[in-house]
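Just below is one structure, and these are the notes that go with it.
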């Protein structure tokens, strides 16, 4: 049977191949059978698609050639074709960059953690510039709420645009009568809040929140003007920035918050992906212009000083002031100079390197200033001054960018940023700041001007400003804030038409305009305007109310600002009658003036004679205040409020009980004890006691001291270990809150050891607060000698606080190069090194250090200023005895370095550590003769000892005894002793303080020492002696000796004290200068009082 040519072969059922398994999991029905009419050849699934793709590609290339053909047809040159090609390539590049940035941002939000780890090594072009890791609290709970609400917010936006915005656009212009929104979708990517940071408000009635917001959305909004077949839209958007939300005022009624203010502290980052006709906005040049215009529109109502206010309660007072509050202060920025800038100009195709033509842009929020251009200079001197209003601290930043001026495009030379909070804290900040993104430094002097609400210091400010060299504008003495509220009964236009009033406010040559309010003669503006005033006594505010055409004047007002100077708190809040207007036309305004005052308490002005660093002033033209040409040098330091607020914590590690036995002998068959010691950690310091051998109830009786601050959350960590040859065994730990000790001042407790079955530790903690008076120093030294333990370091009697602010006129390296100086402060064996300030002979350190002082009369502060790699630039030795005679024990001034070149400004402040719970009384209570006030229980009965008297009583006894010590000494002189019984260690303690008026037998003074013997024993076990002093009749020893014996046995002994001298190097004989014998049974061992004892003669010469 013949087949027609159109028929294909008919395969038999056995010849038909089985359907292959679909790897994609599609059902068998998806595989279509061949069409009988297809000639027997099954069409491939992508055949039609491939053909369509080829045709589309061919069509695109043909469309590209059409403009070329048309250009040739109309006789245009090839330059037009090349220009169009360049325009297209630029547009394509901008589009690709936007799409790549949008994809990277979306992918980052989809898998934030994993992608961040991968993109750490990406180039800066691939990783979005806004990606940061702010030190804020996460707010995932808030993001979940936003994600849930996002679809409903999209529905609201669709209704808002279709029902409100679209009719308004159609009514605004006859050509837009067919304007409509064809598509409104917010997409599936909601706004994300990266973190929230809460700041303490300036007032108690406000709460400040910073929201780090990031929106990388797939929003799609399309519009169409059907009459002109015009389509446009947005497909994708990025918005990143810090939105500050202020809840203010807080009220006593629901909803608790009266209003919410929102604004961006700095301009946010915005990137829009256009579609349709708005694709033209991605053309290079138009792209940056359109982005700038959009950002300017956003900044006009949502970037400082503008803010969005949402009242939450009706009839809220001072809405205008909430919408535009007074500035926190004014910063006067002196842009002085720059140095070491990069050379950007090239000549002869780059073969010859030129210099740069630098200028600077200074920004704070929306306030921007541009300096003049300095031609061909890498170390320009500008000497310009700008004044900016600061609205939010912290948050706002001063930004300075330096550019090289070129005919085509200016080259970037570097930038610096500084938080205004540092200027507020310093008051005056004068420094060289390094430029980031380039090289070199810029010299700024920043002055924080406070706002005063009275005119008392206006004359002083005006006098200061006369000496300020300021350009391009003279310095301001005050600011004026005008709150323009509303007007009433303005005159109508011709034909009794309602006017469209707006207001022009002018002070000298500065004019600002309000918005226009349409079709009303009773407009409400609620706007604020700010002016700088050079001389409020002579300036005037000129107000013109006009129609929006500016041709018709509806009213005028001229107000001398001198009226404000006599008003309460420099405020006028009232109606003002308009002239050249209707009979009842008036304007309601609130005017607030504030005087700009630079706190001069820390600044030396030339009117102060003899101040180091004051200017040389011409008597005919005295300069007052701060000057760019001759900036004042401070006479005193300006430390922060935390300087000098440290305390000293004295830690007595007394004893422990019931510790765990860790030692084992004979392979663990024999159980031993432990060799315990204590480790303490606090404020970054660690201490360790001595080891007590084989004792489960050890006594350490050691004292440690550490400098602490009142920062909350600190803890004293105590751990007990058993000392072993290999690894020390853990015996327990405990913690004590430092805040508890600082608040109570004293803590004496048995603390249970944690993480072990048994054991407890006895600690005594005492807070010592420095006092700026030397009257109690001798008593403090006396008390310290009484409570000093043999195995502890000498106790501190004072705390020295040093604030190193700055240095000036340091010597240069090799005569021409600036050093990189740092300072080292040393007292005894403790040192502190400041930071290194790069390449300057006038470094500013602003650092503080504290030292424990044991002997203020004899110790010195050693200061060395060194250069990194250059050695010593200068040194200073300050005896602390000078502080003891200074007012408030403080020296705050410039000190000249010993090198003769250079000075340092520092503050040295001494505080005497007076103990309120000395511990001497606690030691002595168990054996006082006044039994009526004492506890009968032994000291180790399980609780802390009962303190029966206080340190002031001890000091009173010491003062009383010292007052009677001026009796004349006997013929052989006197020896000063303190004898008492230390009950906690069960020891008899004697302190040999010194001798006076000793006998001189020969031509030369003796070399005295003191020998002590505890009778009736005369063996070496009870014998003690001091060191020997050379050639003196009044030696000072201050040495402590101990004998371990019970109290009842000590009261049966006699203490034999002999003062001897070694007259000859070769002789073993010792000359007895005098002796005294104390019957301890007749001595009050509970008092611990230092006394002078007359030395007696003894015919028998003793030998060592």
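Glycine too: its Cβ is placed from the backbone N, Cα and C atoms.
Not measured: the values here are computed from a predicted model.
Quick look at what Swiss-Prot lists:
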TOPO_DOM  1-38  topological domain 'Cytoplasmic'
REGION    1-47  region 'Disordered'
COMPBIAS  37-47  compositional bias 'Gly residues'
TOPO_DOM  84-1104  topological domain 'Cytoplasmic'
DOMAIN    460-580  domain 'C2 2'
REGION    617-641  region 'Disordered'
REGION    813-833  region 'Disordered'
MOD_RES   817  N6-acetyllysine
REGION    924-950  region 'Disordered'
COMPBIAS  925-946  compositional bias 'Low complexity'
DOMAIN    971-1093  domain 'C2 5'
MOD_RES   1009  phosphotyrosine
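Sequence-distant contacts (6 or more apart, same chain, Cβ under 8 Å) of residue 817 (N6-acetyllysine) comprise 839.
If you look at the region 'Disordered' (813-833), the same-chain residues 6 or more away from its ends with a CB under 8 A from one of its CBs are 800, 802, 804, 807, 839-841, 843, 845, 849, 851-854, 859-870, 873, 904. Residue environment of residue 1009 (phosphotyrosine) contains 23 other Cβ atoms, counted within 10 Å of its Cβ in all protein chains. The helix, strand and coil residue counts that DSSP assigns across the domain 'C2 5' (971-1093) are 10 helix, 61 strand, 52 coil. Across all of the topological domain 'Cytoplasmic' (84-1104), the predicted model scores a mean pLDDT of 80.
Residue counts for the domain 'C2 2' (460-580) under DSSP, helix first, then strand, then coil, are 14 helix, 59 strand, 48 coil. DSSP assigns residue 817 (N6-acetyllysine) to a strand.
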